[in-house]
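Note sheet for the following structure.
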Amino acid sequence: MSTDPAQGARAKSTDHETTPESTPTEPPPQTPGEKTEGSPRTKLYVRRWFMLLLFSSYSLSNAFQWIHYSVISNIVVRYYNASILAVDWLSMVYMLAYIPLIFPATWTLDRYGLRVVGLLGSSLNCIGAWLKVAGVGRERFAVTMFAQTVCSVAQIFILGMPARVAAVWFGPKEVSTATSIGVFGNQVGVALGFLIPPVLVPNAADITVVERGMNVMMFGTAGVTTLLFILVIIFFKEKPPIPPSPAQASIFESEAEYSYIGSVKRLVKSVPFALLIITYGVNTGSFYAISTLLNQVVLSNYPGEEVNVGRIGLTIVLTGLLGSVLCGIWLDRTRTYKGTTVVVYILSFLCMTAFTFTLDLGYLAVVFVTAGALGFFMTGYLPLGFEFAAEITYPESEGTSSGLLNASAQTFGIALTLFMGYLVNNVSTLAGNLCLCVTLFLGAILTALIKSDLKRLRAMHSGEDANAESKTTAL
């Protein structure tokens, strides 16, 4: 069986606690939420929620830095006297950096664990934010691009972590919900990235007003990321002393030697996971494309509505947050991984179609409604993909499987953003949106072909059965 040292240095963990010794007549005290009879022993810690909150917070700040230039792209073009393609690359560099660096990043996660990766992600995020402060100035676009590149490297140590944090710290009945909350934090950052920049950086004729707004936004971001980095240094932990679920206990106690390369090979050779890599990439890449180009797509039909572009983007993300959490709760209650994934994928395609054919009706209210529905299902799909992957690839590392999914998303994101951007600027907005409709339709078909083999769920049931049998024997 494959193992994952990042979840506890499986073979020789020094943190692993065993059941305290006791005399035959005096059983050890039982803590609420802790199993003391049978095997394996598991326990839930209250601090798991603080761990999730801390991760979600610095993930939020990194996501904000991804999109805060794109939502005011026309203002950024004028301020730096740069081309629209160059400004689009301020978003796409996040996607480009992920592709070559995902393998060393996931190796680091598997080899050194959550704390080291958390420190790397939050520190680079903080450094990039302060470099952006230095990048404010009409002749400093190169500095801004370099700063955004540093932030893009930081997100490599963030995007693949929600499923890992959830698996390492949360019990089997809450792991999907925890994953969705981890994704939730990232999406709140995107929401703020849509909402705040148009307010702080107005499209004013006086360029000094624009520069003043840029300074306020960059100094504020740098201050927040610095505080979060300090909190990560002080509070972010590797793992709980006792695993939270039978599936994690099995991994913690495994004696097999872990091989990262072997894990990657097994993952890419799995046909169901290979299909999921493609379908996740198509859906999430489409979301990246529409987020990056939202300013251009909406302004082509509604000139002068920069503030409303930000509000539409906020609507997409807020409804997506709701979809993400509801999908996580639904999975924890029903375990219908494939069925839920297929339905949500089809609804994403239908909402993209509705957005495409109603955009030019001249009613911003309609755009808000269709964009909100699109965000609900496209963002709601994100935790579904992570959790479905964790199920069909168990006991492989959640960090590795999530990393491969995100690498696919970045690849499709770059391709779809470039192609859609070309169509929007050289053919028509309708053609660009139709591009996403077609890709989502094909992705829905491939999703229906994925074979559902819920290995992690079986491991959880096996652990519960072992506990039940042990208790029966004791009686």
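In case you wondered, yes, glycine gets a Cβ from its N, Cα and C as well.
Bear in mind that TrEMBL entries carry predicted annotations, made automatically and left uncurated.
Here TrEMBL flags 51-455 as domain 'Major facilitator superfamily (MFS) profile'.
Positions annotated as region 'Disordered' by TrEMBL: 1-40.
For 49-67 (among others), the entry in TrEMBL reads transmembrane segment.
Taken from TrEMBL, the feature transmembrane segment applies to 79-100 (among others). Here the transmembrane segment (79-100) has Cβ contacts under 8 Å with residues 66-67, 69-70, 73, 138, 140-141, 144-145, 148-149, 151-153, 155-156, 159, 207, 210-211, 214, 288, 291-293, 296, 406-407, 409-411, 413-414, 417-418, 421, 425 of the same chain, all six or more residues outside its ends.
Residues annotated as transmembrane segment in TrEMBL: 112-131 (among others).
Annotation comment: TrEMBL describes 143-163 (among others) as transmembrane segment.
Summarising the annotation, TrEMBL assigns transmembrane segment to 175-196 (among others).
The transmembrane segment feature in TrEMBL is assigned to 216-236 (among others). For the transmembrane segment (216-236), same-chain residues at least 6 beyond its ends with a Cβ under 8 Å from one of its own Cβ atoms are 50-51, 54-55, 57-58, 61, 64-65, 68, 114-115, 118-119, 122-123, 125-126, 129-130, 132-133, 135-136, 196-197, 200-201.
Under the heading transmembrane segment, TrEMBL lists 271-290 (among others).
Here TrEMBL flags 310-330 (among others) as transmembrane segment.
According to TrEMBL, the transmembrane segment annotation covers 342-359 (among others). Nonlocal intrachain contacts for the transmembrane segment (342-359), taken as residues 6+ away from its ends with a CB within less than 8 angstroms of a stretch CB, comprise 279, 283, 286, 297-298, 301, 323, 327, 366-367, 370-371, 373-374, 376-378, 380-381, 384, 429-430, 433-434, 436-437, 440-441, 443-444, 447-448.
Sequence-remote contacts of a segment are chain residues at least 6 beyond its ends whose Cβ falls under 8 Å from one of its Cβ atoms, and for the transmembrane segment (365-384) they are 162, 176, 179-180, 182-183, 187, 283-284, 286-287, 290, 298, 302, 311-312, 315-324, 326-328, 331, 337, 340-341, 344-345, 347-348, 351-352, 354-355, 358-359. Residues or ranges marked as transmembrane segment by TrEMBL: 365-384 (among others).
Marked as transmembrane segment by TrEMBL: 404-424 (among others). Tertiary neighbourhood of the transmembrane segment (404-424): same-chain residues 85, 88, 91-92, 94-96, 98-99, 102, 106, 159-160, 264, 267-268, 273, 276-278, 280-282, 284-286, 288-290, 292-293, 296-297, 300, 385-386, 389, 431-433, 435-436, 439, selected by CB-CB distance under 8 Å and a gap of 6+ residues from either end.
Sequence-distant neighbours of the transmembrane segment (430-450) (same chain, 6+ residues past either end, Cβ-Cβ under 8 Å): 272, 275-276, 278-279, 282-283, 285-286, 289-290, 293, 297, 338, 341-342, 345-346, 348-349, 352-353, 355-356, 359-360, 388, 392, 412, 416, 419-421, 423-424. Annotated transmembrane segment per TrEMBL: 430-450 (among others), in sequence order.
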Could you give the residue numbers and ranges of same-chain residues that sit at least 6 residues beyond the transmembrane segment (143-163) on either side and whose C-beta is under 8 angstroms from one of its C-beta atoms?
55, 58-59, 62-63, 65-66, 69, 80, 86, 89-90, 93-94, 96-98, 101-102, 105-106, 108-109, 114, 117-118, 120-125, 127-129, 131-132, 134-137, 178-179, 181-183, 186, 383, 386-387, 389-390, 398-403, 405-406
Flag the pair the transmembrane segment (175-196) / the transmembrane segment (112-131) as in contact if three or more Cβ pairs fall under 8 Å (sequence separation 6 or more).
no
